[in-house]
Amino acid sequence: MERLSNLKQVLGKKLFDKVENSRILMVGSGGIGCELLKNLVMGGFKNIEIIDLDTIDLSNLNRQFLFQKQHIGKSKSKVARQSALEFNPNVNIIAHHDNIKDPQFNIKWFKSFDIVMNALDNLDARRHVNTMCLAANVPLIESGTSGYTGQSTVIKKNVTECYECQPKPTPKTFPICTIRSTPNTPIHCIVWAKNYLFAELFGKSEDNNEINDEVTEENNTEIENLKKESQALKELFKLAGKPEYSEKVFEKIFNLDILRLLRMENLWKTRTKPKPIDNEQYKKALEINMEMDNNNNDSKTKDNQKIYTLEENINIFKNCFEILVQRQLKGKEVDPDFSMSFEKDDDVIMKFVAATANIRAHIFHIEQLNRFKIKEIAGNIIPSIATTNAIISGVIIMDAYKILNNQLEDCNTIFLTRDSSNVFVNEFLSKPNPRCAVCRKSYFVLTVNIEKFTLNDLLNKVLMSPKDKNGLALNGDITICEDQRILYDFDFDDKLNDTFSKVKIEDGKCLNVTCDDDDKMYNVMIYVINNR
Amino acid sequence: MKPEINKSMIYDRQLRLWGDQGQNSLETANICLLNATVSGTESLKNLILPGIGKFTIVDDKKVTGSDVGSNFFLTIDQIGQSRAKCVTELLKNLNEFVEADYLEKDPVFLINENDKFFSQFNVIIASNMQEKELIKLNKICSNENIILVSLKTNGLFGILRSYVPEHTIIDAHPENVTDYRLDRPFQGLIDYCKSFDFSEMTIVEHSHMPFIVILYQCLEEFKSKHDGKMPSSYSERNELKEIIKSLRLNNDEENFDEAEKSIFKACKPTIIPSQLKEMFCDIKCSNINENSSNFWIIINAFADFAERHNCLPHSGIIPDMKSDTEKYVELQNIYRKKFQEDFYEIRQKVNTTLAQINRPIESIKDEQIITMIKNGSDLRIIRYRTLEDEFINQPNVSLIAQSLNEEFNNMVYYLLFRAVDHFYETHYRYPGVDNDSLDNDLELLKKSVEVITSQYSIDYSLIPEEAMQEIVRAGMSEIHTVSSLVGALVSQEILKLVTCQYTPMNNTCIFNGIQTTTTSYDL
Ligand SMILES: [Zn+2]
C-alpha cells in the first residue's frame, strides 16, 4: 500500500479507491497497449483484462517494450501480462489470446467493465467494440497513433459522438481491369503482384478485398477472359516441383498474358503498348551471376533502397518463387488445403512481390520502386514509435481518472500534433450525430434459454408486446436478421416456430430488427444471452 | 544470427519516419541522464527502444519505496540499492544494440567540480535539477555544443525546456511541396509545354495532358495581355481561371479541375524564403573554415547558387496528377533533370569549398545535399535562448504577463515551478514533502511566489491560491502517468533534435494534468 501513497495523495482517497475497485478492459496489446498496460498497473488499477489476437513480431520490438526477442511468435496479450506482473505482482490481469469479435465476449461480459480502452490498429475491431460499448452502455476511450501524431477521445452512449458518427474513409479499392489489364501507376503493379499473382499462386484468391471485381456492362466480357486467365495460371500448378514450373509461370504472366492484352487493340489507342518478355530474354537474364542470399541477409537497408535491373528482378523472381513453391508443397503434404497469406515481414514473400511488381512495371513502362517503398505500400505500413504511443497512453489514463470521478463530460478529444508550438490540440467532446446509424439505434439485451425460446416468442413476447409488459411495442412490418441472414420478414415466416438454437442464434449473437411503420423506421439491436 | 542482420527489421516502422539518415544520427547519439526519476527513466526508455548509441545514468540516490511505487522498472527487493545501477540494468535489457553505463555520483557535484565529464555526450537530460545548476550546465552545453533538455514533474504538472546552441532542421517533412516554376519556366519545361497543340488533340488526349501544361499555356495567354506579367490579384487570377475554363471540352476533364485548383500555388512567385536569406547573411555562411559544419558548407553553396539564379535549387518533385503515364513520366523527367543540373552545381561548389578547407569530398555525402535540396524552402536554424537569459539576464516579461491574463493559462504553473525552486533554495526541501506541515508550507510557498512575481513586476494575485495548494499537496511527488507522459514529450523532442528532422519545440512546454493540456512558450 505504501508504494502508491503518492498517487493516493495526488488523486485523493475517494478517487483512488474508485480506481482500485474499477474493472478495465484493454482491447489490443500492441503499440499503445504495452504503454497503456504499464500505466494502468502503475496508475492504481487493480483489475484489468486484456485481449489481443496477435502474436509478437520482430518489427514490434522498437516500441512494444514488454516484448523481447525470445517472445517472438508468442501471444501478445499473454506476454504483456507476464512482463507487467514481473514488475508489479499485486495486480489482477486476465489475458485473452482471442478475437474480440468471438461470441464469448458478449454483452454481459462488456457490461462487467467500468471502462473499455481501445488500443487497436484496425477499423473493423474498432467498429465492433464501439457497437458493443454502446449496447452495454460502458464508456469507451478510443485512440490511435501514426508516426509523431496521435489522438484520443471518449465515447459514451447518448452523451458523445460515437466512433461512427462521422463517416470513416473507406479503404481504397482498384477496378479489376486497371489492375489486370491497364496498370498505369506503381501501385497498380504492386496490387497486381500481391493481390492477384501471389494470392492466385500461393494463397486463397477469394480474399482480394483491394480489387473491385464488380461486373458491369462494360467490363463483363473482359472479366470472363480474366477468369479464364487466372484459371490457366492455376492449372500450371500440376507442374509444381518440376524444374520447368518457374519458367512456365513466368512465360504465362509476363509473356502470354501480355500478348493477349496486346491483341485487344482498342486498349492501346490512347496508351503505350506493354512490352512482353519472351523466353529467350528470361533465359539470358538467368545467365548473369547474381549472388542470392536467403538468410534474411538481404534485408539490409541498402539492398532495400536499390532499384534492380530487369535481369536482377528475373533472378529474384526465380529464386523466391522456387522457395515459396517448396513451402507450399511441404504444407500441402500435411494439409491439402494449405495456403499462404501475404506477410509483409516475410522476406521471401516481400522480395517475390517486389520483383514481380517491378517486372510488370517494366513491361508497362511504369516507374519502378525500391523494396522499402513497395513494402510500405503493400503492407499498408503506418510508421510507429514508442514516444507517441506513450504520450497517448498517458492521455488515456488521465481520461480514465476523469470518467471514474464522474467528470466524463470534462474529457476532451485530444490531438497530438507534429506542430511543436501546439503539442496538444484539445476539442470538446461532440454530441451524438442524430443521423448516426450506429449510436442512434436502440440496444436491447435478451436473456433466454435458446433451446426453448422461438422466433415466434421473440416476435410476440418481446417485439410486439406492450411496454407495460416489458416489450418494445413495435407496430409495423418487422424484419429480423442475423448479420446478413434474414430470419423473418413479412413474406418469410417458415422459421417462426424454430427455437433460437435451431436457427443457430447462440449465446453472444446479435439480431438486427427493423420495423417499418409507414412513416418511420425503427432499428433495434438485440443481444442474445443464453440462460440455461 | 549476427546483430546487424535484424536491425532494419526491428527498426522498420521508425525508418519510415526518419529514414537511414535519421537512424544513423540516432545511433551515434550518446545520452546522459541526470537523476533517474520516473520521468527521466521513461524518456530514456523511449530513446533506447529506437536505438540510440549509448546512455549513461548519473544518480547518487538509493531506491526508495516511492520510487518503486511510481517507476515501472523498479521492484520492492531493490529498495536501498543504487538507483543508477538498478535503472541502468533494467533499461539495458530493452535493446541489445544500445551501450549502457552508470555513475553513482551527485549530478550537482559533477556540474560544479568536473564539467569536463559532460563533453563526451551530445545530449543531456537533466531531471529535477535546480535553476542554479541548470544555468551552469547550460554554459557547459553551449561551449561543447550539447543538446540539453531539462524536465520536472510535480504531481499532475510537468515542465520541459530545450536548449541547443544552434539547431539545424534539414528535413522538416513538409506536408506538400509545390514548386512548379511556372512564373520563371526553365528551357526544358518551356519546350515540353509548347509541344502540346490543344487544337490537334483527340478528346482522350485533351483530358489526359498534365495540368501543368494547361496552366503554362493559359499563363502565356494571360501574360500576352498583361505586358508579360503574372496574375497577382484576385481578379487577375479569376481572369486566368476563365481562360482555363474556355479551353475545356467538357465538365468531366479532371486535369482541368486540377489546373483550376492549382492557380493560386502556380501564381505564387518563386522566391527565396526569408529564413534562408537570413542564413545566407549569417557569418557562419560567409565565413567557411575548418570548423564549419556540413550544414553551413551546403548553405554556403545554396547562397552561391541563389546569387547566380535568384532562386533555390529545384527539388525535382512534382505531385501526382491526372495524366496518361507516358506524358507524366516525361514531365517528371524534365523536373528531375532540372534537379540534377541544380544538384551538380551545388555539388561542385561544395567540392571546391571542401578542397579549400582540406576536407575529403566524401565527408559530405550526396544524400545529405539531396535531402537539403529537397527541403530547400523549409530549412531552418533555431538558436535557443539560454537559461541564464531566461531566468536572469533578459526574462521574457511581456510574454509572461500577457499569458497570465489569458483564461485557463498554464503560465501560472511555469511561475509555480520557479517558485518551488526558490522554495528549495531557501529551505533545502520541497514544499509539501511532509504531510504535517502542509499549511505552513503553503504560507512559505506564497512568499516564494511573491519573490518570483516581483522579479517580473507581475501582480502576485494573478497566481490562484488553489494552484498553490495543488502544488503543496503534490509535494513534488511523481505519479507514474504524468511522469511517463512528460518523459515521452521529452524523448519526442530529443528525437527531433538528434535527427535534425521535423520542427522541435522552442523552448518550453508546460503539461497540465488537471485539464490535460499543453502550452508551449518561447521563454
Ligand atoms: Zn454514432
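Cβ atoms are placed via backbone N, Cα and C, with glycine included.
Automated prediction, rather than curation, is the source of TrEMBL annotations.
What TrEMBL says about this protein:
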- A:9-436: domain 'THIF-type NAD/FAD binding fold' (DOMAIN)
- A:28-33, A:D52, A:60-63, A:K76, A:121-126: ATP binding site (BINDING)
- A:C162, A:C165, A:C436, A:C439: Zn(2+) binding site (BINDING)
- A:C177: active site, glycyl thioester intermediate (ACT_SITE)
- A:279-375: domain 'Ubiquitin-activating enzyme SCCH' (DOMAIN)
### Query
Distance between A:C436 (Zn(2+) binding site) and A:D124 (ATP binding site) at the Cα atoms, whole Å?
17
### Task
Compute the average pLDDT of the predicted model within the domain 'THIF-type NAD/FAD binding fold' (A:9-436).
90
### Query
Ranking the binding-site residues A:D52, A:D121, A:D124 by other Cβ atoms within 10 Å, which is at the bottom?
A:D124
### Task
Measuring Cα to Cα, tell me the gap between A:N62 (ATP binding site) and A:C439 (Zn(2+) binding site) in whole angstrom.
37
### Summary
Expected list for recorded positions A:D52, A:N62, A:D124, A:C177, A:C439 against chain B, Cβ threshold under 8 Å, sequence order, is A:N62
#### Entry: recorded positions close to ligand 1 - of A:D52, A:D121, A:D124, A:C177, only those whose C-beta is under 6 Å away
none
### Query
Can you tell me how far the Cα of A:D52 (ATP binding site) sits from the Cα of A:C162 (Zn(2+) binding site), in Å?
22
### Summary
If you tally other C-beta atoms within 10 angstroms for each of the binding-site residues A:C162, A:C165, the top scorer is A:C162
### Summary
Here the recorded positions are A:C177, A:C436, A:C439; the one whose Cβ sees the most other Cβ atoms within 10 Å is A:C439
### Query
If you draw a 10 Å sphere around the Cβ of A:G31 (ATP binding site), how many other Cβ atoms fall inside it, taking every protein chain shown into account?
27
### Task
Express the distance between the Cα positions of A:C165 (Zn(2+) binding site) and A:G31 (ATP binding site) as a whole number of Å.
26
### Query
Taking Cα atoms as reference points, which of the binding-site residues A:G28, A:G31, A:D124, A:C162, A:C439 is nearest to the residue listed as 'active site, glycyl thioester intermediate'?
A:D124
#### Entry: Integer Å distance between the CA atoms belonging to A:G31 (ATP binding site) and A:C162 (Zn(2+) binding site)
23
